[in-house]
Amino acid sequence: MGGAYAVMGGAYGVMGGAYAMLSEAGLLPEASCCRRCALPPTCTCARGAMLWTLLLALLLLLLLQAQLSVCLRDLSSRSFSSPLESSSSSSSSSSLNATQQRLPGAIIIGVRKGGTRALLEMLNLHPQVEVAKAEVHFFNVEEHFRRGLDWYRAQMPFTLPGQLTLEKTPGYFASPLVPARVWDTNPAVRLLLIVRDPAERLVSDYTQVLHNRLTQHKPYQPLERLLLRRGRIDPAYKALQRSLYHQHLARWLEVFPRAQIHVVDGDALIRDPFPELRKAEEFLELPPRIDPGNFYFNSTKGFYCLLTAGHDKCLDESKGRPHAPLSAAALKQLCRFFRKPNKMFFEMVGRSFSWC
């Protein structure tokens, strides 16, 4: 409004200046002339004065219109371009902040040596999935857990709204404290459990430990010496304990509904990845984006590798490592030991597996 008043004042000033110039030039009639006219309708002076007044009024209106148009354009520019710039800035800021580290919407909880890395890498083929590259061990390592959720979130990848953050830590499955901790953090989280033949898993578990000890030049014991005590299976052997799937799953089912835990067949995933991944996509409520063309069988390695955007990727050399030797008699005894625990696990998940 201040600008409008200034415009009007300027217009009046222009009109006054014009009136003075006309008067000095003798182009305006004298007031005395009008006073000498007895009959205003026949007085030329009066009519001239009225004409000049009308012309000046018209000039004033034109000046006001022009100046007000400029003023309104300026006000309009200030009123509307400012929010747009603010919106643009906000949009830019939102765009920058749209990618942020979020807590996982899904976790691969196990099992150790069950194919968790393969499952993670294969699900990462999906455009709506971003994965934590390293095992976080937040819920099962006290030092990490005490650091709090901000630390946990900082270990996650940056994601866009609508993308799923996925982490995997196989140690979660067999850790007694983890189910309640996960629930307290996010009761809506989806859990993926990939399992394989428990006897094969046990041997693979031992093979990894053996490899690590050999690399570090540490002493080791043969598998059968750890597995058998006085010729019978030793149920206290840690690697065997990890293969008792029914015991660990029971703890998770005390906290989470069965519908929130999806069981992946690790043996089937290695033989033919696509069917198991399609089931995982459905469980995670992801649109189907992974297809058979994303995989090819590497005959040298003996398992499937990933193919995406013209590039192939195989799991590291530790995957597919030859297993430590175990006698046929010991393997048979091990399979017999697992028969009852396996049956209990099948009943819990409502699904059977071709094990031993």
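Cβ coordinates are placed from backbone N, Cα and C, and glycine is handled just like the others.
All annotation found in TrEMBL is predicted automatically rather than curated by experts.
Annotation comment: TrEMBL describes 49-72 as transmembrane segment.
The domain 'Sulfotransferase' feature in TrEMBL is assigned to 106-312.
As annotated by TrEMBL, active site, for sulfotransferase activity applies to LYS113. Long-range neighbours of LYS113 (active site, for sulfotransferase activity) (same chain, six or more residues apart, CB within less than 8 Å of its CB): PRO170, ARG196, ARG201, SER204, ASP205, GLN208.
According to TrEMBL, the 3'-phosphoadenylyl sulfate binding site annotation covers LYS113, GLY114, GLY115, THR116, ARG117, ARG196, SER204, TYR304, LYS319, GLY320, ARG321, PRO322, HIS323. The secondary structure of HIS323 (3'-phosphoadenylyl sulfate binding site), as reduced to three states from DSSP, is coil rather than helix or strand.
The annotation disulfide bond is assigned in TrEMBL to CYS305-CYS314. CYS305 (disulfide bond) falls within a strand when secondary structure is assigned with DSSP. Around CYS305 (disulfide bond), taking its Cβ as the centre, 17 other Cβ atoms fall within 10 Å, counting all chains.
Comparing HIS323 (3'-phosphoadenylyl sulfate binding site) with CYS314 (disulfide bond), their Cα atoms are 19 Å apart once rounded. Most other Cβ atoms within 10 A: among the binding-site residues ARG117, HIS323, that distinction falls to ARG117.
Within 10 Å of the C-beta atom of SER204 (3'-phosphoadenylyl sulfate binding site) sit 21 other C-beta atoms, taking all shown protein chains into account.
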